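Input: a single structure, listed below in structure tokens.
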Amino acid sequence: MLKVGYKASAEQFGPRDLVEYAVRAEEVGLDSVWVSDHFLPWRHEGGHAPWALAWMPAVAERTKRVQIGTSVLTPTFRYNPAVIAQAFATMSLLSNGRVILGVGSGEALNEIAVSGREWPEFKERFARLRESIKLIRELWTSDNVNFKGDYYELVDAKIYDRPEQPVPVYIAAGGPVVAKYAGRAGDGFICTSGKGMELYTDKLMPAVKEGAEAAEKTVEDVDRTIEIKLSYDRDHEKALENTRFWAPLSLSAEQKHSVSSAEEMERLADELPIDQVAKRWIVASDPDEAVAQIKPYLDAGLNHLVFHGPGHDQERFLTQFSEDVLPKLRALG
């Protein structure tokens with residue numbers, strides 16, 4: 001089933017504005033709202049980094065229908081996974097079961113500042129993620145949990161306030177190894193757009209399917225979510241210029257994973273020409289043109305499309321998107 005969501009740009013706006021945008025997303029008919037959990041933003045000038053775990057309950061109180069998820073949170077360094085399990089259990093009760101825990105293996109930018117540690121290689125980050133998910137789920141379903149893993153330990157731990165149905169866990173992946181794990185262990189899978197369709201058709205989606213089948217599920221049992229970077233505006237020049245703030249998205253994964261300050265991230269990003277920045281985005285001023293570039297993701301097997309608009313006028317984006325693009329997307333699904 002096609003679902004359409006909105007990405008609240010926590011690196012670009014303060015928490016109160018973001019709540020209003022989430023409310024507006026529900027009003028215009030979207031199905032979900034998502035937020036990243038950064039300690040530091042990707043830009044120093046004009047950057048923001050409100051705390052997702054405070055923002056999500058505020059959105060839950062102001063909305064009635066939309067799902068509310070993290071895209072994504074790292075439950076392995078800044079946080080003890082047990083605290084994340086407790087927080088999301090509480091938020092699930094407050095929201096009547098509408099929250100989603102979207103997780104990833106993290107970036108140095110958000111973790112080094114609060115730990116001072118050396119940023120580990122992928123092998124350790126992935127191992128920590130797997131262990132944290134196991135621990136979190138055990139706390140949601142068991143009492144008096146005793147857990148001793150390679151990285152975390154619990155002694156007679158119990159979450160007293162938890163929902164009858166555990167919170168869905170969505171796992172972010174940029175390559176086939178983690179995508180296979182997401183298909184096997186996740187209720188959902190998260191990826192981002194703009195990296196060449198072969199990545200999705202030849203690597204990510206086959207890996208999700210393989211992982212799901214290994215767990216005796218079908219790929220349809222996994223909510224296959226993608227953040228689509230869409231700069232849509234009826235004024236094409238505005239649509240192009242709106243991408244500039246998000247130049248850090250055009251840095252390589254290696255660059256982003258090793259950067260430890262917003263100032264350095266901004267410096268690297270500002271060296272990029274606008275044409276290179278815009279390549280990560282679908283830049284469109286015509287709804288048919290936008291849908292034509294979105295449809296390949298649906299054809300690849302992704303079913304939950306979460307739209308991230310880069311401009312500073314999010315009310316304008318939500319209004320134009322919902323009036324021009326959303327009806328055409330619904331017609332496809």
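Here the Cβ of each residue, glycine as well, is placed from N, Cα and C on the backbone.
Keep in mind the model is a prediction, meaning the values are calculated, not measured.
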Candidate from Thr63, Thr74, Thr141, Thr201 that Swiss-Prot assigns to the same coenzyme F420-(gamma-Glu)n site as Asp37, Ser105, Gly106, Asn110, Gly174, Gly175, Val177, Val178: Thr74
Candidate sharing the substrate site with Thr192, Lys195, Lys256 (per Swiss-Prot), from Arg224, Arg234, Arg280: Arg280
Around the Cβ of Lys195 (substrate binding site), the count of other Cβ atoms that are within 10 Å: 13
Thr192 (substrate binding site) versus recorded positions His38, Ser105, Glu107, Gly175 - nearest by Cα: Gly175
From His38, Lys195, Arg280: recorded positions whose CA lies within 10 A of Asn110 (coenzyme F420-(gamma-Glu)n binding site): His38
